[in-house]
Every structure is written in structure tokens, then in C-alpha cells.
């Protein structure tokens, strides 16, 4: 391709044969897609394009006096500054002050309106609004707009220009009006999870996915099948388990707000950069110390954790539901810039599932990060409890009598959780933290998540998996999956924070109109989500330690694979809309999402 995406060139207009300045958006076949300064987009042939070179005069006019080189440099430098035209200064009277106050009140009222109401008003432009818009534009300062993405802006300058051109041409250009209606429809109508009906089904089904396997795996019998449904209410919920989980969650929230640990800036969002305190690893370390102290004081914390998995699962579901309701109410009063566009539809059920805000905060409390830390630390504590229970039941500490399956499986799960807490900064640039809303799905998901992967080690605890040299193969698979998971996540995090890093200079990228770049080489050049592939390999390797023919120890590996495959599909659809032609070019280079030649 002779011209690259983002280049500014000159194009001959078909109706006037005059050349106009345009921007290259992409290429389809032999024709380039360009955008004029008015915002209009069309396809042109390469023969109608020429390079935009600044004209230079070879001769000096005889009537103009000669200037020194320093004067010429100064003149050239001045051209870079904005040209400002000042109108006549008027002293405001009382009526002007009152009118200004009314305007400010109107602006505040519009900002406080719900997102759907603002979209509806935007979609119905009138002749009066067009006239007012023209009047406003005539009062604007005369300066050239540089079409670049601004760091702390909700929109790009280019997007603002498109909005202005839409309102001007709304009465004359039906194509722009139809395009705008489609954009509004994408916001107002649920686009994922099967709409409001699918999310209603998932709201009811998702807790059952976690609770039912816990009922299948008891000390008396731990196999996949029809679960025994006890009639005793204490089997499902008891006060001790609920208070213990609530206190643990509050402990993580309080510790996360302490000025302990390194403070870093998160990725760019519509409200700027959010700051995070990286103290998840310290919080986990303190939790383990408290756990050891409880054992030393002979408190029954091991039995509490290992024998009440059903009660803890239901307690996590209740706490997650309460939190999601509170965040849903909070999101109704949040500024528009904080809202999750995929949770701002006309369906209350869908919005409740997705979450109205992406990163809800109250003061220093970041709920999404607190939920993430709670789930990872809980995995460590549950596996430590299972290991201690195994040691208690062992008569002699030899390879023949030790339950090596539990020890190895618990160790690998603890390594996975410690990795997530230690490399916490890499989590901040993931799809889940940057784009996923914090609603019922994430709140209940994080609070119930620890009891899914630990179902594997719990199964091995009751079935007493003895030592075998076949453990070498799952261990090697875990190492491969972990390296793939860690290297790809760290590389992506470094690229998003500093694309010009010397360690990433060898990577080939594709630029996008949003100013970002897409990696098309290295691990990210083989599949679109190598970190997902590594994650799936990790959990299948841990599950295979059981050497079982039952579904129960592989239950979470199956769930993890399905969840990440569905997330890859969702991410692909969102990126297709976000990056446009650049994403089409990217997918033609990197064709597979997770597994090469398969998916």
C-alpha cells in the first residue's frame, strides 16, 4: 500500500476537479477510504490521490523587501500557533448576568439528565437547533483543529467534528441521519448475552452453576451426578459463614484503602487516568499470617472453611447481589463519562447484569479491584485449609501415604493466585478491568469464584490421589501454560502503557484511527488472545492431576474454557466497532482467537 492509514493527502473531488485535503482511513481492494475535512467519507482511486507537500516559492517577488534568515524562521514558527480573532469586548449588564446564569443552569440540567434522555434529544435535531448551532460556530475562535486523540477527553476532536457536521446536515443528508440512528440503537438496545431475556436466565442460573457442584462433592460421596438436596436450612446458610465472609470482604476493602504500596496510573479512560494502589500482594500476605495465627491459637478455621463450602458459596452470592444492587443505584446518579455504554440500555434487567459503571468508586474504595483481590486471596486460604486437612489425616509422612494429588494441585492453584496479586498492575489493562461493567455478573462472579477452582482440590482430598510419575505431564503442561499466560499478559501491559518501549520495538503493529496500535507479531501474532490460551492450559493441567474419569474435577476447566471463548467473541465484536477497517486488516493477519487453526 502506497499510503498508510492516518496519512494526510490531497484528493481530486469528482464534481469540481479540485484537490481537497483528506485523511486516509483504510483500503478496500484497490481503492482508498478517505475522510474530507467536512467529515464526509468516500472511496477514491489511487490515481486521484497525490501527496500533500507544502508549496515553496523558488523566486522572491521583486516588490518585496529582502528579509534576514532569522526573520524567516520567526515567521515560520509563528504559523504553528493558533490564529485567534477577538471580538469586541462588551461590559455585561444585569440582563446578561441573568441570561448567563440561566445558560449555566440549563447546562447543569442537561449534564444531570440520564444518558437515554440525552441520546433521544440528540437524535431529534430541528431547524432551530441547526440555526443555534450555526450561531455558536460563528462565535467560536478561528483556529485549526489538530485531529488527534486528547488524553482526558470523552471524545476525539474528529468525533466532535462529525457531530457538528451531523447536526448541520440533518435536514439534507439521510445517510448521516440513518447512521446516527444505528449508533443510538446500539446503545439503547442490549447487544450481548441474548438481550434482557438471556440475562434474566443467567441471573437465576449463574449461582446454581457454583452451588450445585458443591452439593455433589461431600465427604461421604464426591462424584458428578444428581445432587442430594438436603431439607435442613443450615446446610445452605448459617450465620457463622456469612459473618466470616462479610468480615473478610470488609478487611480486604479497608486494607486496599490504606496508603501502603506503590501508587500507579491506570490506562486512559473517558474520565482520564484512574490511580490505583498496588497492595493486593501485601493484603494476601497479611491474610495468610492471620490464618496461621488462628491455627496456632487452635481456632477451628480449617474445619470452618473445608466443611462449609456450600454455605460460603451462598453467602458470597448474597453479598455479591447486595453489592450489585447498591452499585446499580449509585450508577443512576453517576456522571455520563463514568457510565458503561453496554450497561446504559433501555432494559433494567440487562443494565443490572452488565453494571452501569465500569470502575465504580466511593472515595478511595475501588469495588472492582477489591472484588478481584477477595477472590484471589480466598483461593489461597481455601487451598491452605485443604492442605492442612490433608496433613492432619495423614498417619505417616511418606510418599506412599501422602495425598500428593492434593498437595500438587493446591500448590499450583496458590502459585496462580499469588501471581495475580504480585503482578497486579498487569490486571489493570485487561478486558475485564478496562471494559467490563461492575454489575451482578462481576459482583456475584468474584464472590463465588473461589469455590469453583478449589472444587478440584476438594475432590482430590476426598479421593486421596496417591503419588505417580504421571504427575510429570500435568506439571510440564502447567509450566508451559503459565509462561504463555505471564509473558503475553506482561507484554500486552507494557505495550499499552508505553508502546515505544525498547523491549517492544521488534513488534509489528497496525495503527488505528483512535491513535492506538494492534500487535500483529510475536505471541499476539499467532492468536488474538494468547493469554486466554495460557489460562486454559493452566486449569486443564491442574484438573488432570486427579487422573479421574469423573467430570467433577474438570468442572472448572470446562467452565473456564467456555467463559474465555465467549469473552473472546464479545471482545472481537466490540473491537470491530471500535477500530473499523484497522480491525478488518488485523483479523486478516491474525485469523484465530485462541487456538491456532481451531478457534
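FYI, residue positions are counted from 1 along the chain as it appears here.
Glycine too: its Cβ is placed from the backbone N, Cα and C atoms.
Predicted automatically and left uncurated, TrEMBL annotations should be read as such.
Because the structure is a prediction, the values reported are computed rather than measured.
Between the listed ranges 339-358, 399-418, 499-518, 559-578, TrEMBL ties the annotation transmembrane segment to 399-418. Below 8 A, the CB atoms of the transmembrane segment (467-485) and the transmembrane segment (193-212) form no more than two pairs separated by six or more positions in the chain, fewer than 3 in all. Between the transmembrane segment (193-212) and the transmembrane segment (278-296), the number of CB pairs under 8 angstroms, six or more residues apart, is fewer than three, so the stretches are not in contact.
Between the transmembrane segment (233-258) and the stretches 278-296, 308-329, 369-387, 399-418, 537-557, the greatest number of Cβ pairs separated by less than 8 Å involves 308-329. The transmembrane segment (308-329) makes no contact with the transmembrane segment (537-557): fewer than 3 of their CB pairs lie within 8 A, with pairs spaced 6 or more apart in sequence. Outside the transmembrane segment (278-296) by six or more residues, the chain places 248, 251-252, 255-256, 258, 260-264, 302, 369, 372-373, 376-377, 380-381, 384, 388, 417-418, 421-422, 424-425 with a CB less than 8 A from a CB of the stretch. Long-range contacts of the transmembrane segment (537-557) within the same chain, counting only residues at least 6 positions beyond its ends with a Cβ under 8 Å from a Cβ of the stretch, are 213, 216-217, 222-224, 405, 408-409, 412-413, 416, 452-453, 455-456, 459-460, 463, 465, 468, 470-471, 473-475, 477-478, 480-482, 484-485.
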